[in-house]
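Asker: Summarising the annotation, Swiss-Prot assigns transmembrane segment to 15-35, 36-56, 89-109, 133-153, 159-179, 203-223, 225-245, 258-278.
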Amino acid sequence: MSVKAYFELVRIHNVIGSAISVFMGYVVASEWKIVPIKLILAMIVVSVIAAGGYIINDVFDIEIDKINKPNRPLPSGRIKISRARSLSIVLFLVGIVLSVLLNIYAFIIALLTVLALYYYAKDLKKQGLVGNLIVALTSALSAFYGGLAFFEGSWVIRTLIPTLYIFFFTLTREFVKGIEDVKGDMTNGVKTLAVRVGIEKTWFISKIILVILIVTSFIPYFFGFNIIYLIGILFLDIILILVVLLRHDIESASKARAYMKVYALGTLILFALGTLPI
């Protein structure tokens, strides 16, 4: 049993990304008027629930991962399934209990998110588009949760733009992931978009959404975001076009999805910096 295996199991880089998303949502909603206890608590709630979600997903996904990702902690035997299942339950419970300390709405969203993550891993993932929508929604809720933790003034309006952006970007990334995993998904009956309509059409749909996101990525600047956001998003968009939009095969999917993670993290940072009073 190694700490590294558990970090890999919970996808620690994704968990950190979720925490950053909460931070971004909070500072965008509050315009950097930070109440540390609220922010830290919200980041912990989202992080532990996200970690629990990644674990339970691997528990239910072990047969697919034996084909697609045999070196993951569970299919490789580095961590026992029973231990992973127990850890996911503990993390879910910790997140739900801590959410009560924020407000009733934070508790409700935390509870619904846990249920969504569990049933996504258990059944809904195999439904393809429905599963993709759940992943996109729960990812976007990380940013929304940051605004919810602030819960003052026009927090909903201020948090809505990054929340919607994260939703559609994550949805596209899930489509690309389906291209990467198409072989194992076909074997295990997972009805992803790539399995249903083919790789070429899935790439086309993904690129259409990305083009729309690129075109609309400048809108926040006209709603008060600063010049840091404008310059940064222009740079990220150019790289996105070169790395993702010009690719179209399975081999490219892995590289494209890897950059999309970097792009998503960069966008979160830019949303936060874009609300700095300069």
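Quick reminder: no glycine exception, Cβ is built from N, Cα and C everywhere.
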Asker: Would you mind listing the long-range same-chain contacts of the transmembrane segment (159-179), meaning Cβ under 8 Å and 6+ residues beyond its ends?
Answerer: 21, 24-25, 28-29, 128, 131-133, 135-137, 139-144, 146-148, 185, 192-195, 199, 202-203, 205-206, 209-210, 212-213, 216-217, 219-220, 223, 244, 250, 253, 256-257, 260-261, 263-264, 267-268, 271
Asker: Applying the under-8 angstroms CB criterion, which one of 15-35, 36-56, 89-109, 133-153, 258-278 scores highest with the transmembrane segment (203-223)?
Answerer: 258-278
Asker: Please indicate, using numbers and ranges, the residues of the same chain that are 6 or more beyond the transmembrane segment (15-35) and have a C-beta under 8 Å from a C-beta there.
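Answerer: Cβ under 8 Å, 6 or more out: 42-43, 46-47, 50-51, 54, 139, 142-150, 152-153, 155, 158-159, 162-163, 166, 261, 264-265, 268-269, 271-272, 274-277.
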Asker: By Cβ distance under 8 Å, which residues at least 6 away from the ends of the transmembrane segment (89-109) in the same chain are close to it?
Answerer: 38, 41-42, 44-46, 48-49, 51-52, 55, 118, 141, 144-145, 148-149, 151
Asker: Can you name the far-off residues of the same chain, 6+ from the ends of the transmembrane segment (36-56), with a Cβ under 8 Å from a Cβ of it?
Answerer: 9-11, 14-16, 18-19, 21-23, 26, 84-85, 87-92, 94-96, 98-99, 101-102, 106, 110, 113-114, 117-118, 120-121, 138, 142, 145-146, 148-150
Asker: The transmembrane segment (258-278): which same-chain residues, six or more beyond its ends, come within Cβ distance under 8 Å?
Answerer: 13, 17, 20-21, 23-24, 27-28, 31-32, 143, 162, 165-166, 169-170, 172-173, 176, 217, 220-221, 224-229, 232-233, 236, 239-240, 243-244
